[in-house]
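Colleague: One structure is given below, represented as structure tokens, and several questions about it will come after.
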């Protein structure tokens with residue numbers, strides 16, 4: 001349990017990310033994939049149902065004992081909240097209302113944010129663009145852990161602690177790695193979120209608030225669904241920086257497991273990513289992918305060769321803003 005991982009730095013590469021070239025090749029061979037781009041007409045209704053389900057749950061848990069508050073937060077509410085963060089991920093690519101209605105997507109993401117308990121959607125959008133544009137980019141892609149994380153969380157026990165603390169690092173890392181000015185949308189996101197939190201507190205007390213926030217934190221830490229955080233870009237095999245997962249948890253996560261396909265075609269909504277894999281099967285079938293997010297978490301903790309340093313990093317030139 002006390003052995004350090006063998007990796008002492010990130011995997012530095014001096015090539016462009018693989019998704020750009022693969023996208024060009026696939027579109028040249030299968031131009032019909034362009035028809036998959038555009039909004040998902042069902043997303044807004046699915047997300048709305050999840051939001052109102054959580055509001056109903058707030059009423060139902062208001063008189064429960066604290067042990068049951070945390071039980072349902074981890075086993076039910078947190079699963080919905082984690083799923084909502086992945087809906088917000090899809091919405092950040094404008095797949096709820098389309099690129100021509102970008103503002104509608106931003107406002108709808110704020111609505112999807114409400115059960116999460118803390119303002120998240122506007123800040124996520126601001127940094128997620130860089131994750132796609134500068135995948136693994138030094139000081140640009142805030143999805144990559146810091147040097148401190150890679151250096152310190154290097155034993156099984158520490159890596160397990162890192163997984164528990166992942167929501168904290170995920171939210172604070174951008175402020176250290178690539179701080180950006182607060183936007184008006186972030187202020188609006190915070191005002192709306194805290195207004196709803198106060199309303200829930202006024203109506204039903206503290207327990208529903210704890211139910212929402214505890215569920216968000218617990219299910220973004222050590223939880224089967226949170227395996228996608230590690231599965232997506234941690235280098236389990238040398239030379240491969242993005243991995244897909246095609247298992248049943250995709251049903252709860254808007255197909256975020258189809259991650260190679262998503263980075264190849266970020267404007268295609270999650271519901272249509274399986275069609276990308278089916279059409280361009282020869283580009284994906286032979287690439288390494290994960291069979292289980294639970295196994296991913298287990299290997300991350302107990303495999304000495306895997307840790308926060310197991311990420312590809314590259315130096316990227318800043319793209320010119322249009």
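Note: Cβ is positioned from N, Cα and C throughout, glycine not excepted.
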Colleague: Match it up for me: which of 5-23, 24-42, 43-61 does TrEMBL list as transmembrane segment?
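Modeller: Matching range for transmembrane segment: 43-61.
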Colleague: I'm validating the feature mapping. Which of 89-106, 107-124 is tagged transmembrane segment in TrEMBL?
Modeller: 107-124
Colleague: State the residues, same chain only, that lie 6 or more residues beyond the ends of the transmembrane segment (187-204) and have a CB under 8 A from a CB inside it; answer 'none' if no residue qualifies.
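Modeller: Contacts of the transmembrane segment (187-204) (Cβ under 8 Å, skipping residues fewer than 6 from its ends): 55, 58-59, 62, 110, 113-114, 116-123, 212.
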Colleague: How about long-range neighbours of the transmembrane segment (68-87): same chain, 6 or more residues beyond its ends, C-beta under 8 Å?
Modeller: 43, 46-47, 50-51, 53-54, 57, 61, 112-113, 115-117, 120, 124, 207, 210-212, 214-220, 223, 225-226, 252-254, 256, 270
Colleague: State the residues, same chain only, that lie 6 or more residues beyond the ends of the transmembrane segment (107-124) and have a CB under 8 A from a CB inside it; answer 'none' if no residue qualifies.
Modeller: 44, 47-48, 50-51, 54-55, 77, 80-81, 84-85, 87-89, 91-92, 96-97, 171, 174, 183, 185-186, 188-190, 192-194, 196-197, 209, 212-213, 216
